[in-house]
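Here's what TrEMBL has on this protein:
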| type | residues | note |
| --- | --- | --- |
| DOMAIN | 1-103 | domain 'NADH:ubiquinone oxidoreductase chain 4 N-terminal' |
| DOMAIN | 106-389 | domain 'NADH:quinone oxidoreductase/Mrp antiporter transmembrane' |
| TRANSMEM | 6-24 | transmembrane segment |
| TRANSMEM | 29-50 | transmembrane segment |
| TRANSMEM | 56-75 | transmembrane segment |
| TRANSMEM | 87-104 | transmembrane segment |
| TRANSMEM | 110-132 | transmembrane segment |
| TRANSMEM | 139-160 | transmembrane segment |
| TRANSMEM | 172-193 | transmembrane segment |
| TRANSMEM | 213-235 | transmembrane segment |
| TRANSMEM | 247-265 | transmembrane segment |
| TRANSMEM | 272-295 | transmembrane segment |
| TRANSMEM | 343-364 | transmembrane segment |
| TRANSMEM | 376-401 | transmembrane segment |
Amino acid sequence: MLKFLLPLIFLIPLCLIFEGWWMVQSFLFLMTFMFMLCNMSMTFFVSLSYFMGCDVLSYGLILLSFWICALMIMASESVHRARFNEGAFLVFILVLLGLLYCTFSSLSLFMFYLFFESSLIPTLFLILGWGYQPERLQAGVYLLFYTLLASLPLLVGIFYLEGVQGTLFMPLFYFVDLNYLVCYMGMIMAFLVKMPMFLVHLWLPSAHVEAPVAGSMILAGVLLKLGGYGLLRIFSVLILSGLKFNFVWVGISLVGGVLVSFMCLRQSDLKALIAYSSVAHMGIVLGGLMTLTYWGFSGALALMIGHGLCSSGLFCLANISYERTGSRSLLVNRGMVNFMPSMTLWWFLLSACNMASPPSLNLLSEVSLLNSMVGWSWVTMMMLGLLSFFSAAYTLYLYSYTQHGRGFSGLYACVSGYSREYLVLFLHWVPLNVLILSSEPWLLWL
């Protein structure tokens, strides 16, 4: 695993040389393909040491991190063009990628916790350094306090687990079971905030709205998935408590998903709408995961990867409109088909993926998650039906409001779209629709 970490570290000095932007970006794409080739045949923990290893779950999420980080640099052309501290910007992205890589490949629970918390710092710097409004300071404080306060009980739970078991080596967790409510609550709360679950989601819309496009892409694409990944790992220890108490989280996530969908329908801010839709999608992931069924676990992984690509692409589109009009308001960004007809195709394709239409990976995973929850209890059917309907409703609202109707009278003309922007959107959309053709890694990893 170090063979990918060391090139990332040695890439950092390249950020600081003049015109190192394209070199770093090209090298990240190269590393993505190298990682795909190296680890294709491994479906188990490659634990040559007690420090790092990789199974299918971490492999998929590490690959997603590499891919999104390369696309982030490509989408943040405005930072490069304005020469606005581009060296520091690249350094923070690479440090964040390194920390995410270590988080997903750690075999020790304590090392996982350490990297899980550290990934907050570069994200905070991205929001504070390259965000748009002065309110980004408040968004940064929200992000910091929500995540750190919820993570302290997790640390206590980890030390308690080590006292009980004598080791924090993750592959050995299948032989121990903690059946205490306090321990259960403490250990999952950090991941519920990170996902985020409805009721503890308030940090997410403010962070997204204030973040630059790169911050939004990595936040929606990978950082929300840390919560789901942590839950998938930790439930091998908490399975007995989970069978007792998980019905609470399933209820909150489904009711919360429907309420958040209603909130999406009355948003007037592009980024806030996409951010709230992330909360609704992660609610489905959480509900399926908490059923503790095979369908739920495999669907959760597939939807995390599908949603990472889809919402990252939507944030990219929102930024493309923002660069043209100078506003995130839906009232200004309307009738875009008159100004950017080619971009309307990409709005449609990514909106279709967002409401889980075929042939996107989201469809496969949502069917799997619906299966798991309906199999767990028939009562969930009503909420799931509402959730599916309203997720389509707010996605169509987003698409039709931005693309159709009369254009904004203050906007006369703008660049239809650069080939770089089309490439970024293409690279979001293709994996999202091709991965369903080879769906067995996402469904057979347990």
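Heads up, the Cβ atoms here are built off N, Cα and C, so glycines get one too.
Caution: TrEMBL annotation is automatic and unverified by curators.
Listed stretches 6-24, 110-132, 172-193, 272-295, 343-364 were compared with the transmembrane segment (139-160); the greatest number of C-beta pairs under 8 angstroms is found for 172-193. Listed by sequence, the residues of this chain that lie at least six past the ends of the transmembrane segment (343-364) yet keep a Cβ under 8 A from its Cβ atoms are 277, 302-303, 305-307, 309-311, 313-314, 317, 320, 336-337, 388, 391-392, 395-396, 398-399, 402-403, 416-417, 421-422, 425, 428-429, 432-433, 435-437, 439, 442-443.
Counting only same-chain residues 6+ beyond the ends of the transmembrane segment (56-75), those with a CB under 8 A from a CB of the stretch are 21, 24-25, 28-29, 31-32, 35-36, 39, 42-43, 90, 93-94, 96-97, 100-101, 104-105, 213-214, 217-218, 221-222, 225, 229, 232-233, 301, 304-305, 308-309, 312, 316, 319, 420-421, 423-424, 427-428, 431, 441-442, 445.
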